[in-house]
């Protein structure tokens, strides 16, 4: 948005310099993009064409003699509308063109030198919706030859955020500056004489909106004064006539879009409604648009379309210099309706840009009166009563506000009196009878103020962000779970797994195939049909990752993820974190030594044991039980228990599930439920190496097949816990030679004495304790063949 310094001072009574205003605008949150002191615009002057002669070697070019008030220059021009006696804009040699930043130089055009360029609207960046024809600018005779065309008044360009539609008018910016202490906001003049004449044109609204209108009869439309043309020119808008220019001026000054119709083209009534599909509309810019039900149109009783409401007017009822009777419209429409309407016809105008960002619904009458007053002053005429129709109801927004919240949230030292003064200057109505709790009514032009925290922000930006006191950030304690996560990630990375992060959603079909219930986990509005369920397990998404990487040619995949699951066993809450891993393919890439092999259940068993040890749970304190999970292999899987608490599982994926995911080779996986891990205190003791020789003995026991090998290890170790240091399995055998329901388990037992070297008898006694314990508790016997 652009405006000049003098334009701002029309509404802001101040004597501060431009530099002070620029700094304050940035301080209060209005970004200043550029300040143009207009030195380069002085080279664009009013020139008169004295002669027009044909070019000797180019039919479309003409050799012109033009006067810039100081000298007569030769200019070669290709415009079809150039003629003797016309006044236009001359870009002198050295001028920088506003649109492409090109520099005007002395050039030869087909052998003839040209000392400047006569300019068109497009070349100067001037928008003229009503004149889309090519040609140089033709100025009225009231312009003086030699005067500068552009106003040499400093131009301020600002960026207005979408929430501050009120600052899309110069008056809104002046209001903020006045509230910040840079002067006093001037009062807006009012229409002094009101009419008692009934309007011959009525309005009817059939959409979400408010429309007010006024009929003015017998005007003498005229050319706009230079000050008005200059203001519009700064914003890139070409002057049309005084009546049209005034509507643009009110819009740019007060963020109040207006539209003016030739009243004689309207049949009795304007009806604002949705357009029919495939309706043709001829706009002011001489273009045809095909309308749809997204567009709001103003039609009369003959169903003639006079405007696409909030966007652009119709060529049918455009206001021209010879127009005598006009109808002024001031309206409010729902921002979303104008967004859709503008997108439908792919046209954005100054008017639609403002409607989309909210305009003040309570300023309709005032904007109408301001335009009426200026039209009567410059063009004469008789005005009639305002007609209106309202479908939208404007409600006041009232908020409870604690003034102390400014001090506590903003960490500033500000008094209640200062807070009150800021709010009043911004247009808020404040009931401060209660010292601690105020009742604040939000002004109608501030649609962005919805909560008391927004009021705090308003006070702070005017008081000054630089006055917020610095305060050190409090040191917060690190969540122990975060520390665990980092440690586990480092551990698994060292084990050769790569971390992945997947969606918190998964595919309901696959979840049900794995046996998870979807009753409580369905998403009402999923981002995809394949992501319609909150994940009950990380395994589901990791298998999808395996499938996708397999499709890209990966033959070895080892991945893990730490994250939350939902609804698992119906006990998961906000801390339902788990760690899940998947291995696929070979344990190592192909190599010279051929030491690679396919991953198996023991790889993921090792992963689980490493994780539990990292969490202070030793391997000798866990118990492996047969898993009943349908998606795991029935004999190559196990659940992991600690003190009768299931901490997770590991195993090979069931072939049916592998086939379901279209994976080509067996997959092994694990999942550890971190939210179930108990806090285990570890007594750190000094590691002392025994100075006495340890003794190893091997035992091969015959036990029933349904007896847990882990149970055998525990019985062996507990038979003499002081002397036995370690028990490991080194062989398993089953076959007809030992019986159908029997299993041979070979154990290696390490005896580690602490105070003397064991003799043969002590070793025999310790061995007998093991054999007797296994026989008594498990019915196992020492294998003798």
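Using N, Cα and C of the backbone, Cβ positions are placed for all residues, glycine too.
The model shown is predicted, which means the values in this text are computed figures rather than measured ones.
Look at Swiss-Prot and you will find 448, 454, 457, 458 tagged as Mg(2+) binding site, backed by sequence analysis. Taken residue by residue with DSSP, residue 454 (Mg(2+) binding site) is part of a helix.
Annotated domain 'tRNA-binding' per Swiss-Prot: 38-150, in sequence order, evidence recorded as sequence analysis.
Under the heading domain 'B5', Swiss-Prot lists 394-470, citing sequence analysis as support.
Per Swiss-Prot, the feature domain 'FDX-ACB' maps to 690-783; the stated evidence is sequence analysis. If you average pLDDT over the domain 'FDX-ACB' (690-783) in this model, you get 89.
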Should one count Cβ atoms within 10 Å of each candidate's Cβ, the binding-site residues 448, 457, 458 would be headed by 458
Residue 448 (Mg(2+) binding site), DSSP three-state class -> coil
DSSP tally for the domain 'FDX-ACB' (690-783), helix/strand/coil in that order, comes to 32 helix, 32 strand, 30 coil
Here the 10 Å Cβ neighbour count for residue 454 (Mg(2+) binding site) comes out at 15
Using DSSP three-state counts, the residues of the domain 'tRNA-binding' (38-150) come to 8 helix, 48 strand, 57 coil
